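Before any comments, here is the structure.
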Amino acid sequence: DHDAAITRYSRLSKRRENEKVKAEVTEDVYTSRKKQHQTMMHYFCALNTLQYKKKISLLEPLLGYMQAQISFFKMGSENLTEQLEEFLTNIGTSVQNVRREMDCEVENMQQTIEDLEVASDPLYLPDPDPTKFPVHRNLTRKAGYLNARNKTGLVSSSWERQFYFTQGGNLMSQARGDVAGGLVMDIDNCSVMAVDCEDRRYCFQITSFDGKKSSILQAESKKDYEEWICTINNISKQIYLSENPEEMAARVNQSALEAVTPSPSFQQRHESMRPAVQSRPPAARTSSTGSLGSDSAALSALSLDSLVAPDTPIQFDIISPVSEDLPGQAKSSGQSSRRTNPFGESGGSKSETEDSILHQLFIVRFLGSMEVKSDESPDVVYETMRQILAARAIHNVFRMTESHLLVTCDCLKLIDPQTQVTRLRFPLPSVVLYATHQENKRLFGFVLRTSGGRAETRQTSICYIFESNNEGEKICDSVGLAKQIAFHAELDRKATEKQKEIERVKEKQQKELNKQKQIEKDLEEQSRLIAASSRSNQSSGEGQFVVLSSSQSEDSDLGEDGKKKRESE
């Protein structure tokens, strides 16, 4: 306010003096200066008062505190003087007792440490004996250090040691120095399998349910290696969501063991069923067997040996059918090693599936194959799945071969994802049955009917079982669509051939008809010429008529072949 008043006072004109304006401006300067001076004096007075308040505000509470302390200690001294000696005596006795107990505990701990060192001596080995420390296959939680593979270049990679642990349906990792763990992968409905990785042992690969993310890890020992694979398998089946996950995992694993090794054994049960089967009519055979995960009503109506022959060997690796003494497929042996160009270039030779309408590619893992006795019911596929999965669980077979399954209208192909080499080729007409598992939709299989072997008339049916990334129904639908397309294409081909045959017959008939019309036209023309010549020259007409009639008689003597020859001339 003072600055504003001084500014107005400074702007007064010296030429035109207005007494009224000058008085107002002067009054404003006077008022503002007076207010500023009064405010300043009150401020100084308040500061002085504050200084004195500081002195007394500190001393008054301190004085009250000292008086309270004096009263407190005086009261305590009066009350505790009589009981203090007895209290100190009791405390001293308690301290001596605690010291004696501590000495005894130290001796016991030393003895326990020596016993634990002797008992834990095998645990100090990096790979302990599995007979002394069995593998726990019913775990739904697992934690420990693993080596993770990280690609640093096109062909180079590095390994990093981190702490991994499972949390619900997630796999977590925590690097050294991190405060908390981070998410590595969602392992619900994932797949895990053992892999060969460079020169390292105990490696396994985890692939997410959609197949877009995978991770290769290395365990420290065989025990940890198998426990990690079993734990991730249990978590992928969402066993951890049940009320008692370990009991549920134990029940699932036990059912898998009993599926292939029942009591009595498979062979004994088969032998024991033979007399009953021979003494009863075929319609009375009602021995049943359960499929993995559910009891099939249709399967219970069939005998066990009507689906899969007893003691049938199971093939866990991919082997081409041509190597199994099938001379009828000698031609396909050359096709099984053909290299597929990933860039789609034919390279001078046209691909056999280039003209196919349907091209669908799926990521699958081969579980196993075995010969079956029937190919008329999907229960054959369910029973084969049960036996292969149970055999893998019993024999600890975790390794699976990953491939790309190409579905076309001509065939099914298994292609190596790295080298693009066709491992197996299944002609589509030979695929007579295909089905997916009733509960686990990742499992699917198909039955391939082949002719050959030692007896050329013998039909052999082999069931192949695969695991996909939650796409079993899609693959079966794709195979069904391919068979429908092939069936309609065959019908169209036959209809086209029939139509062409009809057109050829019609064309031949039309040619014969045209020839007949041409002969009639020539005869009419000849008759017209004869009539015209007879009218123009009656004198010479008789001789000409004789000549023409003689030529006509010659034509009639020549017959049909002679007429055609004469007409052409």
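Glycine too: its Cβ is placed from the backbone N, Cα and C atoms.
All TrEMBL annotations are machine predictions without curation.
Residues annotated as compositional bias 'Polar residues' in TrEMBL: 330-340 (among others).
Annotated compositional bias 'Basic and acidic residues' per TrEMBL: 507-527 (among others), in sequence order.
Per TrEMBL, compositional bias 'Polar residues' is recorded for 533-553 (among others).
Taken from TrEMBL, the feature compositional bias 'Basic and acidic residues' applies to 560-569 (among others).
Taken from TrEMBL, the feature domain 'PH' applies to 139-237. Here the domain 'PH' (139-237) has, by DSSP, the following mix of helix, strand and coil residues: 15 helix, 46 strand, 38 coil.
Feature annotation from TrEMBL assigns domain 'PID' to 362-497. The helix, strand and coil residue counts that DSSP assigns across the domain 'PID' (362-497) are 46 helix, 57 strand, 33 coil.
Marked as region 'Disordered' by TrEMBL: 259-292 (among others).
TrEMBL lists 325-352 (among others) with the feature region 'Disordered'.
As annotated by TrEMBL, region 'Disordered' applies to 507-569 (among others).
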Counts of helix, strand and coil residues, the compositional bias 'Basic and acidic residues' (507-527), according to DSSP: 21 helix, 0 strand, 0 coil
